[in-house]
Every structure is written in C-alpha cells, then in structure tokens.
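Student: Below, the features straight out of TrEMBL:
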- 222, 234, 235, 236, 237, 238, 272, 372, 373, 374: FAD binding site (BINDING)
- 5-129: domain 'Photolyase/cryptochrome alpha/beta' (DOMAIN)
- 306: site 'Electron transfer via tryptophanyl radical' (SITE)
- 359: site 'Electron transfer via tryptophanyl radical' (SITE)
- 382: site 'Electron transfer via tryptophanyl radical' (SITE)
Ligand SMILES: Cc1cc2nc3c(=O)[nH]c(=O)nc-3n(C[C@H](O)[C@H](O)[C@H](O)COP(=O)(O)OP(=O)(O)OC[C@H]3O[C@@H](n4cnc5c(N)ncnc54)[C@H](O)[C@@H]3O)c2cc1C
C-alpha cells in the first residue's frame, strides 16, 4: 500500500462499474472508499424512485463484493458532514463523484466542497452523452428546440464509454456503516412496495445490459409500436438510466455498433436513439433553466388560471376519473411504478387541459410514483404537455383520451389489463391495484364508468377559451 493515496468514490446515481469515470479516476492513485450517503436530498425524493434506488444499491453492493470482497460503505447524514469526517479518518486526498447535474445536487455539492476544504471534490461526466458546452447554437446559447439539438449532438458525436476497471482495491479500516439489509429507504410506500416487488424489473448493471441486448435483438417495429399500449415494444431502460446502472454513452455505443454490423433493425434502433436524445435534451434544458420543475419556461404561462387542488385532482391521482385510459395509466403506475409513455401524455393532458389543473401538481404526483423518476425528463415532459415548455405541444392540441385509446389500444387489451371489471376484465394485474389502496379512498371494486364524450368536449372548450384569454 506504500506510496498509495486513498480517495473517496462517492456513489450517487452511477450504480455501475462500466463507463464510470469517477470510479476509474478514484482508483488511479490507490485504494478507494466507495461511499453512499442517505441524506436529506435522497429522503425528499419520491417514494417509488427511492425504493428503486435501494434495489440499485443492493445490486451494486453485491457486484462489488463479488469483484473485490468488499461492499459499499453506507452512511447516514449530509455530504457536508460525512465526507469531511470520512476524508479525515482515512486521510483521503480527494473525493470523486459522477455529476448529477440537477439543482438539488448542485446545492449539496457546493456545501460539500466548502466543508471539504483542501480535499478537492472532483466532478466527472457520466450521466449525459455529451458535455453541454459541446453543443450550442451559433450564438453560443443552449438549444431550445429538440430537432436542431439532436442534430448537433449527432454531429458532435457523443463521447465513447470507458472500460470497467480491471481491479478494484478498497481502503482498509473503513468505519462501520449502515447494514444494507436493514435499510428501508421508502417507508412511505406502505403496502405499495409489496405489489411493486411482484412487477419489478431486475435491477443492476448486468440486467440493464441484458435488457439493451434483448431490445436491440427485437427492435424491429419499435418506431411504430412504441406508441401502442397493447404491445411491449419499448426498451424499459428508463429506470436503469435514472439510477445510472447503464450510461447513455454505453447505450449509444452498443446501439451504433449493432447498427453498423447490421445486427439490429437499423431504422428502429435509430429511432430508439432519438428517444435517448430526448432525455439528453431534457438535461441540457434543466442545466440551462434549473427552475424548470417549478416555473414555466415561457413566462406568459404564469398568467394561466390553473386550478391547484380539489376533487378533480384527487380523482386523477386515485385513478377514478371515469376516463378509462386516464385511470388505467394511474393504476399501472400505482401497481408497477411505471406508465407507458403515450399514457403519460394522455393522463398529463387530461389533468392540464380537461381539468385545467396546474402541471406542477401532476409533476409532483409522477415524482412520487415513478420508479424511473428523472428530474429533467419529468419537468420537461410536463411543461411539454402543458404547453409552457420551450419546445412544447401547442395548448390547442388537446388529446382526446377516448380516441387516443381507440387508436393505440384498438382491442382494449391495455384497458382490460389495468381496469378490473372493464368489459368483464378479471386481469390479475388489475386486481393488484386494490392491494395498494389506503382504506379511505373508496374506489369502487368494479370499473363501471362509461366514456363521457359531452363532458370531454365541454371541458376542452373551456380550456381553449381560458387559453385564448391568456393570450389576449
Ligand atoms: C408527463 C411525462 C412525464 C415523464 N416523466 C419521466 C421521468 O420522470 N423519467 C423518465 O425517464 N422519463 C419520463 N418521461 C418520458 C418517457 O415516458 C419515459 O422515458 C419512457 O416511458 C420510458 O420507457 P422506456 O425506457 O421503455 O422508453 P424507450 O421508448 O425504450 O426509450 C428509450 C429511452 O429514451 C428516453 N426517453 C424516451 N421518451 C422520452 C421522453 N418523452 N422524454 C425524455 N426521455 C425519453 C428514456 O431515457 C428511455 O429509457 C415522461 C413523459 C411524460 C409525458
């Protein structure tokens, strides 16, 4: 060990060994202390994503033990207190961390940097495909429209992923941390956790790579079928990306290699990469406008007469609006922590346009309920649907949740899967929803609602009038 210095590898949203620049940099000079912090920021994030993060942590810990016989040191406390304490105890020369460039994390990093004093806090790229300063408009600003942004990233070429370290050496004499098996990072999930467990996707880096491999092997048809509610056409990789079990650069490099080798359906795989670029766009927007989760990108939207609470919001969150596609999506999310992208758009549009409820209420509900919660994608998409985002769906384009379901779920396969009693459905998944309910919700045990075309039309008209007034 002589001549070696110890460094801290601070694990945040990068539960992987491949393409982990922070891990590789930390290992350069000697052994590392791999540390994960249970801090206020983590406990303030939504319950479902905390629950998912604990699964990522457990999978990474097991992988680390297999590789080097030691697991992750889990400490409870704030970065500004715990990192300097640990640095002093093991005489660490630096702290390396993969940057998670959201405003909450920026605050934590700033406080930690100050408290660490002479021990530098070194941020590494790993959550994005490309550094934001590599993609900018001719005048040097950030892109606000997706298409030219995506073109610019493709032209600049995302960075190549780096290999996993061959050997991981852990610093001796680390303090005793929290016991992984005793952690309960999402106590507020209540009965939901047991149900989610039954529907969970496998966590961990190996599972994410296998998922990508499987997706690319069956990518044919993705371009058309990704909108179909009744066909499992998408990759299911958003959770793994959210906790960094796989990096976007790895996804890009593997997909391009297979496109070039003719080993996947090229057009569909390219379409998939263009979706990965939507995630990238969201992050570049969030870096440009850190208030994106609580302020409309377009200022004029502060004047829109949003309603912020009431019976409509409760019915929407509790999946009893009576609109099948909206309720089915909410039930899917309550049972699995996931919701099909098209249904996210339908439910979000219904909340913001038919009910005229503030998009921030929807954003918070999704933040608490999605296992793939991602601060940038969630905020950008809510503002996109509401109409207030930089590259947004125009407000007057109001999804009709009934015709959307007819178009993308023509045999009502999705609706029957998630709505018990809907057209005689006895689906076991639909029944699982009732296992997650608090007693006071009073949801009917059979789904008996019909489509209310007149009510939808009236609400649509009211929303359009409010929009016209705002513009005047
Ligand atoms: C209101 C609303 C809220 C959303 N909140 C989130 C969120 O919190 N976290 C999240 O990861 N996604 C969010 N999305 C985007 C999208 O619904 C999910 O990324 C997608 O459903 C994930 O499924 P998949 O991995 O099978 O996607 P695939 O179709 O396989 O796409 C591949 C990857 O591309 C990215 N992607 C796809 N669509 C989008 C999109 N519209 N915006 C940004 N990235 C995209 C994701 O990283 C995804 O894993 C939201 C969409 C809406 C309309």
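Placed from the backbone N, Cα and C atoms, the Cβ positions cover glycine too.
Nobody curates TrEMBL annotations by hand; they come from automatic prediction.
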Student: Starting from residue 359 (site 'Electron transfer via tryptophanyl radical'), work out which of the recorded positions listed here (235, 272, 306, 373, 382) have their Cα within 10 Å, and give them in sequence order.
Tutor: 306, 382
Student: Return the members of 222, 237, 306, 359 (the recorded positions) with CB less than 6 angstroms from at least one atom of ligand 1, or none.
Tutor: 237
Student: Counting only residues 6+ apart in the same chain, whose Cβ is under 8 Å from the Cβ of residue 382 (site 'Electron transfer via tryptophanyl radical')?
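Tutor: Set apart from residue 382 (site 'Electron transfer via tryptophanyl radical') by at least 6 residues yet with Cβ under 8 Å, we have 348, 359, 360, 362, 363, 366.
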Student: Across all the protein chains here, work out how many other Cβ atoms are within 10 Å of the Cβ of residue 235 (FAD binding site).
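Tutor: A 10 Å sphere around the Cβ of residue 235 (FAD binding site) contains 22 other Cβ atoms.
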Student: Indicate the candidate from 222, 272, 306, 359, 373 with the smallest number of other Cβ atoms within 10 Å of its Cβ, considering only these recorded positions.
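Tutor: Taking 222, 272, 306, 359, 373 as the recorded positions, the minimal 10 Å Cβ count falls on 306.
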Student: Helix, strand or coil: which one is residue 373 (FAD binding site) in, per DSSP?
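Tutor: Going by the DSSP assignment, residue 373 (FAD binding site) belongs to neither helix nor strand, so it counts as coil.
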Student: Hey, does DSSP put residue 272 (FAD binding site) in a helix, a strand, or just coil?
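Tutor: Once the DSSP labels are grouped into three classes, residue 272 (FAD binding site) ends up as helix.
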Student: Sort residue 382 (site 'Electron transfer via tryptophanyl radical') into helix, strand or coil using the DSSP assignment.
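Tutor: For residue 382 (site 'Electron transfer via tryptophanyl radical') - judged by DSSP and reduced to three states - the answer is helix.
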Student: Among all protein chains shown, how many Cβ atoms are found within 10 Å of the Cβ of residue 237 (FAD binding site), not counting that one?
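Tutor: Taking every protein chain into account, the count is 22.
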Student: Looking only at the domain 'Photolyase/cryptochrome alpha/beta' (5-129), how are its residues distributed among DSSP helix, strand and coil?
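Tutor: Final tally across the stretch: 60 helix, 28 strand, 37 coil.
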Student: Please report the distance from the Cα of residue 272 (FAD binding site) to the Cα of residue 306 (site 'Electron transfer via tryptophanyl radical'), rounded to the nearest angstrom.
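Tutor: Checking the Cα atoms of residue 272 (FAD binding site) and residue 306 (site 'Electron transfer via tryptophanyl radical') gives a distance of 34 Å.
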Student: How does the model score the domain 'Photolyase/cryptochrome alpha/beta' (5-129) in terms of mean pLDDT?
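Tutor: Result for the domain 'Photolyase/cryptochrome alpha/beta' (5-129): average pLDDT 97.
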Student: Measuring Cα to Cα, tell me the gap between residue 373 (FAD binding site) and residue 306 (site 'Electron transfer via tryptophanyl radical') in whole angstrom.
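Tutor: Their Cα atoms are separated by 24 Å.
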Student: How many Å separate the two farthest-apart Cα atoms among the FAD-binding residues 222, 234, 235, 236, 237, 238, 272, 372, 373, 374?
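Tutor: Site span for FAD, by Cα atoms: 23 Å.
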Student: Residue 222 (FAD binding site) to residue 306 (site 'Electron transfer via tryptophanyl radical'): how many Å between their Cα atoms?
Tutor: 36
